[in-house]
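Report on one structure; see the data block that follows.
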Amino acid sequence: MFSATRCALLSNSGLGGCGSKGDAPRKRSSPMRKVVCMTPSSSRTGDRNNSVVMETPLKELKKDSPVADVDGNSSAGGPQDVYGEDRATEDQFVTPWSVSVASGYTLLRDPHFNKGLAFNEKERDAHYLRGLLPPSVIPQETQVKKMIQHIRQYQVPLQKYMAMMDLQERNERLFYKLLIDHVEELLPVVYTPTVGEACQKYGSIFMRPQGLYISLKEKGKIREVLRNWPEKNIQVIVVTDGERILGLGDLGCQGMGIPVGKLSLYTALGGVRPSACLPITIDVGTNNEKLLNDELYIGLKQRRATGQEYAELMNEFMTALKQTYGEKVLIQFEDFANHNAFDLLEKYRSTHLVFNDDIQGTASVVLAGLVAALKLVGGNLADHRFLFLGAGEAGTGIAELIALETSKQTNAPLEEVRKNIWLVDSKGLIVSSRKDSLQHFKKPWAHEHEPVKNLLDAVNQIKPTVLIGTSGQGRTFTKEVIEAMSSINEKPIILSLSNPTSQSECTAEEAYKWSQGRAIFASGSPFPPVEYEGKVFVPGQANNAYIFPGFGLGLIMSGTIRVHDDLLLAASEALASQVSQENFDKGLIYPPFTNIRKISAHIAAKVAAKAYELGLATRLPQPKDLVKFAESCMYTPSYRTYR
């Protein structure tokens, strides 16, 4: 228990109140510009719960002080690195503290500081761990080997997902070390396609809360709810309302798996500190009858709120985020239904730092793949004709970014270059005769043409060189469609982007087989290599994880205050430049994920450079070498040595 003297000191210092050591052991205090040193009281030798608090402003610490300088003006790494998470501070000693120095049983149950059997002999003595751990000391590298063997024992992907989430709740650094070292193997486990099944079954596998749940019950007090989150220096928020989870539809509150998974990738692939990430689910109900009748459903059991009620809740939410976390917090919208996704992005893009991964992130990664593919098929974007199956967030977002890049390259008007881009929705080819009945985001793509009802006829009449699927409807790229594309093009570009795997428009095997091995193929979910007529084809994956982690890091490290379309184009160009000749020789239009941290650093540098060029960056002066600066800011999961 805290002593009365200690409670008074903490209260007077503004560091928090009193409580038992069982009070919220997961919570960590907000970043402060004070160092709190806890020493055992001389009156009760060895009693780690009876302590004296000393406060020392960081500016008064000597240069050779054993306490790491975590001042916001540190010259290397990101600002306010109070937990020693950035690469630039990985060689410094840190103190495992929240309101007090964590020790003993509490330390072993704090996932931020727990190292398991990697605590060395000195640390075990200093932090009262003797007897609480077996005597063996095992380095982190050995722990990684043990954990990957443990994960591989499971045959069911959902079991692997649950094992990874359990590790994240026990030992944060080991979770990220494991994910980084085995990224190609574990990326499909912690994110698509497995995360889709996890969201569908979230109620039955739910063990402990992750992130913040903001429901209609919290209307009028959202800012109070935000204050309940233990971290105050938040840099990235991923938020969903669960209405359109991947291609699986309305999963309501169970969509929390998406923000949690995305932010895991922000840290593992983009180096954003886990302490700076906040996953949020907005619960306004669900229209999923199965969930409404499920006793294990964890969300509000009511029909979705719409109209003014929904708009008022979201407006309060967005206002509260800016008031609580400031102008430069990145808010990523994820898996909102079309009608809300476009409206929210349009409404808040001029007042907040907002980014919609389904619209903008998907567009950026696909554009990068197309730019790279041009090196295999020749020509430039203006020489190609694009046909989309699907005219929702992803389809129209990709189409618009292709048009913007083409216009930039050719100096042609945007309206003119759009004429090379055609979209097919559930009612057929989008043409001008349908314009009055179209949703606003489809109208720019309504061109002069006679009505066409199905995809095969559209392929035969439009004669596209690139076929892109964003429909969320599995097996819609039929044998006839791919054979038609192959008859028109020597090397047809076929992108089957819908997630999860079950919703993919075609498989890699189908694309290569039906095109006689001539297709340049990439998909949204991973597919294994395909052998056709003695040749092995390695399908690429147009995964948003190539873009958003590095894109977010670039915004954060430059202090960017708004997302401009040119930043997305810069990210696409940076990703395309990372595809090597060796990758092209294998038919790949994306680089391997094994180099993703390096790729993210280059994307971050290009995005930051463009932000400085446009006058959107606030972190001044601009670093001379943005790639090195990005690398210095990146979170590293290696264990730190504790005093």
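A Cβ is built for glycine as well, from the same backbone N, Cα and C atoms used for every other residue.
Pulled from TrEMBL:
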BINDING   ARG244, ASN499, ASN543  (S)-malate binding site
COMPBIAS  57-66  compositional bias 'Basic and acidic residues'
DOMAIN    168-349  domain 'Malic enzyme N-terminal'
REGION    57-84  region 'Disordered'
Which same-chain residues, if any, lie at least 6 apart from ARG244 ((S)-malate binding site) yet have Cβ under 8 Å of it:
ASP250, ASP335, PHE336, ALA337, ASN338, ALA341
Quick one: give me the count of other CB atoms within 10 A of the CB of ASN499 ((S)-malate binding site).
24
Maximum Cα-Cα separation in Å among residues ARG244, ASN499, ASN543, which the record lists as binding (S)-malate:
18
Other than its own, how many Cβ atoms are within 10 Å of the Cβ belonging to ASN543 ((S)-malate binding site)?
26
